[in-house]
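To start, the structure itself, in structure tokens.
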Amino acid sequence: MVAVKDAAAGMRATEKKTAPEDRRVTSAEMAKHSGEGDLWVAVQGKVYDVTSWLPHHPGGDLPLLSLAGQDVTDAFVAYHPASAWRVLDRYRVATLSDYAVSEVSRDYRRLVADFTKAGLFDRKGHGCAATLLSMCALLAGALWLVLATASVAAHMAAAAMLGFLWMQSGFLGHDSGHYPVMMRSSKGLNRAVQLVAGNCVAGISIGLDHDPDVQHMPLFAVSPRLFASLTSAFYRRAMRFDAAARLLVSYQHWTFYPVMCVARANLFAQSLLLLLDEGTRVPGRMAELAGVAVFWLWYPWLVSRLPGGAGERAAFVLVSFAVTGIQHVQFCLNHFSAGTYVGRPRGDDWFQKQTRGTLDVACPPWMDWFHGGLQFQVEHHLFPRLPRCHLRRVAPVVRELCRKHGLPYQRCGFWEANVRTIRTLRDAAMKARAVAAAGGPPPKNLNLLWEAVNTHG
């Protein structure tokens, strides 16, 4: 392995002797540099050797590894501000000789440029301040109802308030993972918001910034295409469709809402596993551990102050979990009833993948607080750096672009989205039962599982 890496390094050193603007490579040649020890990508026809940048990439190694050896222009402009272009120059090694741009990508990049010129990526409005104030009000109200009243109904109302508090925290954490949420684009302020709103108030690690969306084996499988015991590039392990998975998936349309009601327990567990795993790179690990510790001090203490004994305390926890479970449902609605893509992602069909694998939820403006930007999931996946206050404004532009290129723009109301999701789960459940009835072995590993949306969704 060392010899191979040394040889690859020597080859790269030799290749870099030629001026990058003079050296020409084809897409086929670039595709050969698609491994962890030899990783090339292209942006707007310029080829970059980002092997040495892989361990330092702020978004982790997964996005680079998933699109290695390809043109990644659309994904690059979606996730990176203008300042990132300066970082690229030092890694340039060649020019792509057969570089071509589809009409869809050309229009998409034009939109990104237009939004940038209009300042939409920089103007964040007062959404963060409003969310923080609402969170303070919800927390204060819940504390007062628990500590100052003896009514069980009031205590359950307090639990519901905590559920809504965690929902708002989740929306804010989701936003802050994509762009600085404070009006002053300060990394320190943005990080402080994440630590307080996410770690201290909600007990969730900001490191859980990747949403796998459709990778929920063994509990759920949204398509029979996921019955193939595929390897998840997100979880980095095989997601086997074994006998236990077949049984659970066979009843997933009945278990979906009950599981969502307690899904927060999984986030708590995943946060602790992530923060305690020294093998995983987590920026600010100690600060996050301290913040999560704060949560596990105040929340159990508040539950212990309930006078009704174990029964009331259990009900309090379940109600708070069930209410915030609405947010777990919201995340699922945007993807469970949309298309599922199996296979290695490609960098030249970014716009198409986002529109085909994502669903918008129609709602009036006064309900935006309830959905927290998730109702514009198509727009969010296309422009992840765009503050949520602008998503409603750009939605008609995205719809028009989809119409122009004959691409689907999926949009329906909240209740219809729930019906579609349950129908999707039921269809897959019936096919899982058919597999079980056939009595055959589960399908063998075929390839990587990649959902239609990027894993940073």
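Any Cβ shown, glycine's included, is placed from N, Cα and C.
Some features that TrEMBL has for this protein:
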REGION    1-23  region 'Disordered'
COMPBIAS  13-23  compositional bias 'Basic and acidic residues'
DOMAIN    22-97  domain 'Cytochrome b5 heme-binding'
TRANSMEM  127-147  transmembrane segment
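Secondary structure of the domain 'Cytochrome b5 heme-binding' (22-97) per DSSP (helix as H, G, I; strand as E, B; remaining residues coil): 28 helix, 20 strand, 28 coil. For the transmembrane segment (127-147), the residues of the chain that approach it from at least six positions outside its boundaries are 154-155, 157-159, 161-162, 164-165, 168-169, 171-172, 175, 181-183, 193, 197, 201, 302, 305-306, 369, 387-389, judged by C-beta separation under 8 angstroms. Restricting the average to the domain 'Cytochrome b5 heme-binding' (22-97) gives a pLDDT of 89.
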